[in-house]
Every structure is written in C-alpha cells, then in structure tokens.
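**Q** Please read through the structure below; I'll follow up with questions.
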Amino acid sequence: MIINAKGPASFAEKYIVRSIWDNKFPPGSILPAERELSELIGVTRTTLREVLQRLARDGWLKIQHGKPTRVNNFWETSGLNILETIADLNPEGFPVLVDQLLSARTNVSAIYFRGALRYNPDTAVDVLAKIHQLEDTAESYAEFDYLLHHTLAFSSGNPLYVLILNGFKGLYSRVGRYYFTSSDARLLALNFYKELEVLAQAKNYLDVPALMRTYGMNSGKMWLQLRDDMPASIAQYN
C-alpha cells in the first residue's frame, strides 16, 4: 500500500480509510485493538486515538465506550464531506464520480436558482452584474460560478442548500478550473449567465427551470468532450 501523507496523523487516517475502501477492514468488522493498530501503522496511540475520533465523526467508524471500534458502511453513514476522500481513493472512477456530482448539482441548483429569483431577485441581479467585468480566464470563471451558486443558494429561502453546496466545494472548484480552460465552455456559461440576468431583472422565476435544464444539457455535452483529457491530479485533494 503506497500512501502519500504530510505527517503521522494524515498517514494513519489514509491507511485506515484505504483499508476500509479495499475491504481489508470490511463494513461490520471490528478494528484491531488500539495497541496493535498503532504498531501496525507506526504511530503513537495518542495520534491514533485522535484519528479514530475524526473518522468516526465522518461516518467511517462507530466508537462506543467500552466496546471495540466497528467499521461502518460509509455509503450509509457518511455525508458529502467524504467526496474528496472517495475521489482520492478511486482515481480510475473519478470521471464517473464527477459525472454524478455535476448531475446532482444541476438538479439541486435548479431549485435554489428558482427560489432566489422568486424571493430575492435583487440579490440575483447584483451578483449577475459581475459578469460584465468577468475576466476571460478559467480561474475567474470558476470563482464566479461558485460565487453565483453560493449567493443564490443562500438567497433561495432555504439556507440548507448552502450546506449541500459546501459539500461539493473543493472537488467542484478543481473540476471547474479545468472545465473552464475551454473557451467554448466559458462562452456557453457566459450566455447562460446573461440569460439568467434577464430573468432576474424581470423577476421571472417561472422560466428558471427551463433555462437550467437547457444549460445543464449543453454543459453536460461540453463536459463529455473534455473529461477524457482531465489530469489525474484533479482527483487528489492533498
């Protein structure tokens, strides 16, 4: 098992998570005793204890006082916060993970974009006004796209959408910086922003779902043209 880590705690965390992913520690199994596991990994018991607590908070493990630590089925117990970890664990499946991520974000964003234009159209107008000074670079587009989604999610009348979006942030930001290296992708996005701005100025939230659906289909086709050339390093979060 080859693990790149920045320190003992990072190494221990990646070792345990990789072992769970590879079914060395399968769901429902009991982790080795603390002393045995710390010797196996090569870290102090104090470091291991901190790592186990962190992994339990993320849903990988179940820790109960006086009982051995049990491995969870992370698909049932974890949240969006492990997306980055899954990408790092399974680089071969990363393009499919991104497909699923983009599909999920498109479906959810249609709801909060409509909500924002319905309940806070002036906020939508203000953030969309920034497109007229948007630099034609991948970095600028990726940053603005996240700003737009974050602002409209918060203004939709249901701030829980912001928490969902935050779960996508790190992974989506890296993918976005790659996606927007395409001038065609930037032009497609700019036209979408302009159409959305017109709807916001008119306080027309009813036509948002149709616009989102069209842009989702077109950007999905664009992504399929770009994803095979995506650098493998994008899957790595540290």
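Cβ atoms here come from the backbone N, Cα and C positions, even for glycine.
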**Q** Which range, 34-53, 74-93, does Swiss-Prot list as DNA-binding region?
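**A** That would be 34-53, per the DNA-binding region entry in Swiss-Prot.
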**Q** Cβ under 8 Å, sequence separation of at least 6 from the ends of the DNA-binding region (34-53): give me the contacting residues as numbers and ranges.
**A** 8-9, 11-13, 15-16, 61, 63, 69
**Q** Is it possible to list how many residues within the DNA-binding region (34-53) are helical, extended or coil according to DSSP?
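**A** Across the DNA-binding region (34-53), the residues distribute as 17 helix, 0 strand, 3 coil.
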